[in-house]
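Record features (TrEMBL):
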type	residues	note
DOMAIN	10-220	domain 'Cytidylate kinase'
BINDING	GLY14, PRO15, SER16, GLY17, SER18, GLY19, LYS20, SER21, SER22	ATP binding site
Amino acid sequence: MPGVTERLVIAIDGPSGSGKSSTSRGVAQRLGLAYLDTGAMYRAVTWLALDRGLDRTDAATVAGTIAQARLDVATDPAAPTISVDGTDVTTAIRDPQVSQAVSSVATNLAVRKDLIARQRAIIAAAERGIVVEGRDITTVVAPEATVRVLLVADPAARVARRQAELGNRVDHDAVTDQVIRRDRDDSTVAQFTDAAPGVTVVDSTDLTLDQVIDVICGLVPQHTGS
Ligand SMILES: Nc1ncnc2c1ncn2[C@@H]1O[C@H](COP(=O)(O)OP(=O)(O)O)[C@@H](O)[C@H]1O
Ligand SMILES: Nc1ccn([C@H]2C[C@H](O)[C@@H](COP(=O)(O)OP(=O)(O)O)O2)c(=O)n1
């Protein structure tokens, strides 16, 4: 296809807590690539819907409001940030209220269409290549990516990792909801429970973060690992 360059695009999908964000940042830093957390984009527009007090069952109003919003996404893996209409929401999007509400916005198909177009524009602008993580990157956003990975881990490991990350701020039931219920809701609009043809499954349950980064870097054609 004309215009396609040799830029390296690495697509990583997987359920909550499988290690997508930490692994993707590590791979991007090691290979000198940009990094895009598409989940942060869904979280940022959810933050906007909550901030505006929108009725999230009113899909058209939610999508219309989000379509008008400016999203600025910094793709430096050492300092990924995201702003909505000039407000830096990098920290706010990790609040439990956003985690609890995000699936209701991410399952809005008009919102998905909008964000997928923005994600493709960010990928196209990444001159040195990019690592992109989410739920539908290997299948919908960038199925042509050079490396396509489905990162998985046992549910118990994923809940334990998230609990360790959130500490006592969030009780075990809420963490389980954030991981297991959210995956169930999210999987109604994105297929990330089984690998699509050509997608490599990497199971991080018994691997350290460095080991997972090694495995994914090893999938890059002609990469020496150094
Ligand atoms: N291979 C691994 N082994 C142990 N803990 C991990 C591993 N990968 C990631 N983690 C930890 O698990 C938690 C969730 O990881 P994260 O990258 O946010 O997952 P995701 O983006 O898939 O939800 C983080 O605290 C992270 O440090
Ligand atoms: N490409 C994507 C990325 C995320 N989402 C949805 C699914 C998740 O519930 C939210 C937030 O994603 P995020 O990757 O931050 O989720 P984690 O908390 O890391 O598990 O967005 C999506 O539907 N499609």
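Placed from the backbone N, Cα and C atoms, the Cβ positions cover glycine too.
TrEMBL entries are annotated by machine, without manual review.
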Cβ within 8 Å of the mean position of the Cβ atoms of GLY14, PRO15, SER16, GLY17, SER18, GLY19, LYS20, SER21, SER22: remaining residues of the chain near ATP: THR23, GLU133, LEU151, ALA153, ARG158, SER204
Neighbourhood of ligand 2 - binding-site residues from GLY14, SER16, SER18, SER22 with Cβ under 6 Å: SER16
Candidate with the highest Cβ count within 10 Å, taken from the binding-site residues SER16, SER18, SER22: SER18
